[in-house]
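Under the heading N-acetylmethionine, Swiss-Prot lists Met1, citing similarity to another entry as support. The feature phosphothreonine is assigned by Swiss-Prot to Thr273, Thr311, Thr830, with similarity to another entry given as support. Residues or ranges marked as region 'Disordered' by Swiss-Prot: 279-318, 839-881, 930-953. What Swiss-Prot records for 290-303, 842-852, 859-872 is compositional bias 'Basic and acidic residues'. The phosphoserine annotation in Swiss-Prot covers Ser290, Ser315, Ser834. If you look up Swiss-Prot, you'll see Lys310, Lys720 marked as N6-acetyllysine, on the strength of similarity to another entry. Taken from Swiss-Prot, the feature repeat 'PC 1' applies to 403-436. The repeat 'PC 2' annotation in Swiss-Prot covers 441-474. Taken from Swiss-Prot, the feature repeat 'PC 3' covers 476-510. Annotated repeat 'PC 4' per Swiss-Prot: 511-545, in sequence order. Look at Swiss-Prot and you will find 547-580 tagged as repeat 'PC 5'. Summarising the annotation, Swiss-Prot assigns repeat 'PC 6' to 581-616. Summarising the annotation, Swiss-Prot assigns repeat 'PC 7' to 617-649. Taken from Swiss-Prot, the feature repeat 'PC 8' covers 651-685. As annotated by Swiss-Prot, repeat 'PC 9' applies to 686-726. The repeat 'PC 10' annotation in Swiss-Prot covers 729-761. Per Swiss-Prot, the feature compositional bias 'Acidic residues' maps to 936-953.
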Amino acid sequence: MITSAAGIISLLDEDEPQLKEFALHKLNAVVNDFWAEISESVDKIEVLYEDEGFRSRQFAALVASKVFYHLGAFEESLNYALGAGDLFNVNDNSEYVETIIAKCIDHYTKQCVENADLPEGEKKPIDQRLEGIVNKMFQRCLDDHKYKQAIGIALETRRLDVFEKTILESNDVPGMLAYSLKLCMSLMQNKQFRNKVLRVLVKIYMNLEKPDFINVCQCLIFLDDPQAVSDILEKLVKEDNLLMAYQICFDLYESASQQFLSSVIQNLRTVGTPIASVPGSTNTGTVPGSEKDSDSMETEEKTGSAFVGKTPEASPEPKDQTLKMIKILSGEMAIELHLQFLIRNNNTDLMILKNTKDAVRNSVCHTATVIANSFMHCGTTSDQFLRDNLEWLARATNWAKFTATASLGVIHKGHEKEALQLMATYLPKDTSPGSAYQEGGGLYALGLIHANHGGDIIDYLLNQLKNASNDIVRHGGSLGLGLAAMGTARQDVYDLLKTNLYQDDAVTGEAAGLALGLVMLGSKNAQAIEDMVGYAQETQHEKILRGLAVGIALVMYGRMEEADALIESLCRDKDPILRRSGMYTVAMAYCGSGNNKAIRRLLHVAVSDVNDDVRRAAVESLGFILFRTPEQCPSVVSLLSESYNPHVRYGAAMALGICCAGTGNKEAINLLEPMTNDPVNYVRQGALIASALIMIQQTEITCPKVNQFRQLYSKVINDKHDDVMAKFGAILAQGILDAGGHNVTISLQSRTGHTHMPSVVGVLVFTQFWFWFPLSHFLSLAYTPTCVIGLNKDLKMPKVQYKSNCKPSTFAYPAPLEVPKEKEKEKVSTAVLSITAKAKKKEKEKEKKEEEKMEVDEAEKKEEKEKKKEPEPNFQLLDNPARVMPAQLKVLTMPETCRYQPFKPLSIGGIIILKDTSEDIEELVEPVAAHGPKIEEEEQEPEPPEPFEYIDD
């Protein structure tokens, strides 16, 4: 056994090359044991490598590499490993090889990324030996069928050739495509490179045996290429693949921005114009409202054209199909369907609100209860609680009245057809001026009803804002207009809001500053940024600054590194409100990206800024950046949640709420639990609200602590000595937990994995309730109905059932509160014992008379008890439209005997087009009527009695 390498090392000093070669071979065999001894003579080995006349110089490089590896000098080790050429075996499983390959890939990645950012002429050449090792590594991954690993390395090293090759060579091409698309959406931080990857994915998807148009369109949304989407839709209509076109339209509406959708609609309209002039088309002037009529017209045209001998292509069908697609893309269909779902399945427990109403004693909690009521009834159109408590509601004065009126907009969210009629009482009138707070609230409510789907209401709000003579009405009008025209970047709207901003009125300016951001959402409009930042630096009004702080951030929504220059300048500003704007801008620009640079910046500010508001905003903003990986958030903010600074603790609570919204994340709840007992009341408020955001729609089975928190909210609300701030948080938390009649969740990304713009905006503005309670209503933008809605070829809901393969209690509605009348009953029963005794006597007499009957009854009762003891079934059938929670989608299937087949997997949820495999007549789901005030003429008269014959005796 060798105890020293000194003898072998001495051979390196020999003149004979063969002896040196022999020494190197021996050293290579013992280097792992004697590297410390060999390291003293490593310079001799280096000299051998540098001697170009030496035959085994590559072997010298390998030994030197191993020595440097053991010394921890990985860079030198890598250089010599490259010099070893083929002697460095990438397929070897030793720790040395694994480490050097990792360093090699890191080094190669760094060079590739640096080159990618440089113009063509300035790119640095990459060492061919380095590339050779990486290529060998790729081949090893492919040979071992480690395709995901290869895709990951290919994307890191910007090797699109390898990326494409890996997908095509894999044994599961659709699976690899889905994996790559997910990586693109969640992890890729450079926009330019992401777009190149998406182009490759589009190419592969289109070249599949059966092109996957649904995923192609998801890629095209990211690429912001509405023209290509329009071309696909046009192609599908021509190929008579209408159902696929409809499905894509619904997916587009859910994932794309308003500007993108309007471009697609515009393209479809221009495509549709020649088709519209087909002779005999009777459908040109009609709005696609009454589908039955238009369908019957189509069949008539078909038969007519067939008789004359024309081809079916000449029929006027496409015009009607285009109209239907436009109706879907405009969001009209989805909003109507979601409204139907929420009205039909409304399961609000009014007892919760009644108990809260009876417990509150001041105006802040009164306002909170009104807001909580609107959350609970969001989109259900049910204003029953307000109608039952008009006297209590009338206590709201001034801005509380503004908030209460605006809450109707949340209740009637999406109820667009009758919006003006519903709100008529509260809107400004030419004749007699009403309460300014009520009128302002009414205009704000109209914006909430039409949020991100303005249409014609934008012009109405534009005129109302022009004619408003009062700053309160202008405040509501600006917010309403911003919501309705969200993301449209309309110049006339922008100019009017800018005029209102420049009036230098604090109340108007706050709303106008925020509304400017809403209208220019994600546009990165240089003029808008210049105007807003310029005015923010001039104005003396803190309120205007606050509005602009959020508005500026919204303009940079989703722009990632393009916002860096603005973020830098805002973060350096002397004004703390503008520094806070910088934090929000980071949150909006990088929302959902998980970008490490952005996280580092926010964490640095969270512990270093001198202003509490800025620190709080920085921590809150972490939630927006991490929401795609909610499991990471608790570890990032856990230390901040124990900070000595209460503002940082509050920010940590809200960050958890935002990031883990709707997930029921146990770690997040464990962090929030101690914060609900914080000595500082506003920290408790944040913890209570955040806990509701996380546990929305969770049941005791999916999240065991949900009932414990329900009781906590109730305890805080009913405790007379508790602080108003904590009570405000608890009341809002109750509203959030049971939002939308228990039928909505909060999610910052769409079902297809895109960042859901209205949700992100809604949650960001909601956090501003810290300064201004009426902004709480913005949370309604983030509520997403948890539904599966199946539609047939006519875009109607057929009667169909879905099978949920888990116990009904797993995702059941929470049990309603029991009416507390039991105690009174007990008192009464003890007071009338004599009567019960008499009743028992009578029962005994009956028993004697009807023994047989009683036996039967008892037997029946026993059967009932046995039935109750029966085990819970393992599945449940849900009727269309069905309430299906995100976690439940995994276990959702179509029953085997079902005549309908979904066009995309049920596990994605949302609105799904169903293909009918049967020729039988379909049964359709009857639409339900919305609640709310009705015009008197519309009320149905009682039906006349049935005809009868009067016989005079």
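For all residues, glycine too, the Cβ spot is worked out from N, Cα and C.
Within the chain carrying the repeat 'PC 8' (651-685), a Cβ under 8 angstroms from the stretch's Cβ atoms is held by residues 606, 615-624, 626-627, 630-631, 633-635, 637-638, 640-641, 643, 691-698, 702-703, 705-706, 712, 716, 723, 725-726, 728-729, 745-748, 763, 767, 782, 886, all 6 or more beyond its ends. Using a 10 Å Cβ-Cβ cutoff, Lys720 (N6-acetyllysine) registers 6 neighbours. Counted with DSSP, the repeat 'PC 9' (686-726) comes out as 26 helix, 0 strand, 15 coil. Using DSSP to sort the residues of the repeat 'PC 1' (403-436) gives these counts of helix, strand and coil: 18 helix, 0 strand, 16 coil. Below 8 angstroms of C-beta separation, residues 189-191, 501, 509-518, 520-525, 528-529, 532-533, 535-537, 539, 586-591, 593, 595, 601, 605, 609-611, 613-614, 617, 755, 757, 760-761, 764-765, 768 of the same chain, each at least six residues beyond the ends of the repeat 'PC 5' (547-580), sit close to that stretch. With a threshold of 8 Å between CB atoms, the same-chain residues lying at least 6 positions outside the repeat 'PC 3' (476-510) that come near it are 257-259, 262, 402, 406, 439-448, 450-455, 457-458, 461-462, 464-466, 468, 516-523, 525, 528, 531, 535, 539, 541-544, 546-548, 757-758, 761, 772, 774, 781. Packing against the repeat 'PC 1' (403-436) from elsewhere in the chain are residues 335-336, 338-339, 342, 367, 370-371, 373-375, 377-383, 386, 393, 396, 442-451, 453, 455, 457, 460, 464, 467-468, 470, 472-473, 476, 773-774, 776-777, 780, 783, 930, 932-933, 935: each is 6 or more residues past its ends and has a CB under 8 Å from a CB in it. Packing against the repeat 'PC 2' (441-474) from elsewhere in the chain are residues 258, 330-331, 335, 401-410, 412-416, 419-420, 423, 425-428, 480-488, 490, 492-493, 496-497, 500, 505, 507-508, 511-512, 757-758, 762, 774, 777, 780-781: each is 6 or more residues past its ends and has a CB under 8 Å from a CB in it. Secondary structure of the repeat 'PC 7' (617-649), assigned with DSSP and counted as helix (H, G, I), strand (E, B) and coil, comes to 25 helix, 0 strand, 8 coil. Along the repeat 'PC 4' (511-545), the predicted structure has mean pLDDT 88.
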